[in-house]
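Read through the structure below, which is laid out as structure tokens, and then see the notes.
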2 protein chains.
Amino acid sequence: MTAETRAPRPMRADARRNYEKLVAVATESFLANGPDASLDDIAKRAGVGPGTLYRHFPNREALLDAVCVQWADSVAADAAPLLTAEDPTAALNEWLVRLVDHVGAFKGLASALLLSADRKHDTAWVLHHTSEELVERAKAAGGIRADVTTSELMQLTSGVTYACGTSKAMKKPSSSPERLIGLIMDGVRLR
Amino acid sequence: MTAETRAPRPMRADARRNYEKLVAVATESFLANGPDASLDDIAKRAGVGPGTLYRHFPNREALLDAVCVQWADSVAADAAPLLTAEDPTAALNEWLVRLVDHVGAFKGLASALLLSADRKHDTAWVLHHTSEELVERAKAAGGIRADVTTSELMQLTSGVTYACGTSKAMKKPSSSPERLIGLIMDGVRLR
DNA sequence: TGCTAAACGGAGACAGTCTCCGTATTGTTG
DNA sequence: CAACAATACGGAGACTGTCTCCGTTTAGCA
């Protein structure tokens with residue numbers, strides 16, 4: 001087989017236009033109506049037929065992914081200063097809190113993504129990768145236990161996101177993300 | 001007003017029959033197909049029309065609740081031995097792990113319930129109440145920090161449930177509930 | 001300018017939710 | 001043990017959302 005897995009073809013101009021419009025409209029719509037927003041409606045707002053939407057994104061998941069990819073980059077960029085912070089453990093703590101906030105802002109839309117450390121999954125990968133760096137730095141500085149993995153921290157963090165998101169949706173008071181992440185960090189910190 | 005809020009009327013025999021059949025069938029169906037199981041289908045299997053289902057349970061939430069109430073009692077009963085265990089902290093740990101398993105068996109169906117400490121919500125209340133007892137015992141024994149609330153532990157536990165459930169659904173390997181609850185307990189334990 | 005692969009978009013099949021209302025059943029009362 | 005409310009039933013059907021199929025249009029190349 002020739003090396004055609006990459007760049008099979010450059011995508012026609014109108015196709016690209018529609019693709020981008022769809023992602024933009026979808027972002028808006030998912031933020032406004034949550035992850036169950038009507039896809040046909042998104043297509044309509046983007047000025048295309050449902051068929052076009054479904055050709056670009058075979059299912060809701062795919063569209064959600066595309067939306068999240070854009071978002072994940074901005075979130076990861078947010079971490080840059082933390083990577084060189086003086087206290088790596090505090091930086092990790094701060095990052096996890098931000099993660100909860102960011103993911104929460106997406107109405108839990110992306111919380112599943114934290115869990116998959118899969119390279120195929122761009123969003124997840126970006127976030128996992130960033131987290132890993134922070135975790136490694138904290139470990140190297142002797143700030144946290146060596147036996148705790150990044151995945152475990154991501155799982156716990158995604159859990160906090162879920163719990164805070166659900167509580168908010170039910171209008172139940174809940175402890176702040178800071179507090180819950182703090183508790184988790186307490187279990188992980190070396191003393 | 002006369003004290004008629006209680007027992008407004010005893011429910012007709014056929015109504016009760018249908019109610020119970022519906023809950024039974026719904027339990028089965030939710031376990032098999034997750035919380036999105038078709039309600040009309042549940043009605044059909046129970047041998048009633050959709051109208052009947054919707055009269056008893058105005059929406060999916062209500063039916064889910066009814067199913068969970070039954071289930072919560074059995075889960076809480078499971079905790080009885082733990083309430084008198086020698087090591088209250090270990091007992092609490094064990095209880096949280098079981099909670100994750102039980103809730104997870106319901107395919108995350110009930111995980112939202114862990115979060116609402118609302119008296120109105122029977123299911124949540126039973127579980128919260130049981131947890132509270134175990135937490136108090138652990139605190140009294142000096143096993144865990146006094147500043148940690150039951151609600152916080154429930155939030156973290158529901159998060160673990162969510163994370164483990166989602167990982168399983170995506171066929172991603174994830175750390176065991178035991179491990180994650182263990183990490184949480186590490187943050188909460190007095191040393 | 002003309003041709004072809006690529007992309008479009010909307011009609012419509014299908015599935016699920018939920019309501020309305022005519023019909024049937026229950027249990028009570030004389 | 002009628003007969004009659006009150007209560008409950010159930011299914012037709014309106015509505016909403018998902019997703020597909022295929023005839024039509026368009027971009028980009030020669």
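Heads up, the Cβ atoms here are built off N, Cα and C, so glycines get one too.
Keep in mind that TrEMBL annotations are predicted by a computer and have not been checked by a curator.
The feature DNA-binding region, as given by TrEMBL for the ranges B:18-37, B:38-57, B:138-157, sits at B:38-57.
Summarised as a single figure, the pLDDT of the domain 'HTH tetR-type' (B:16-75) averages 93.
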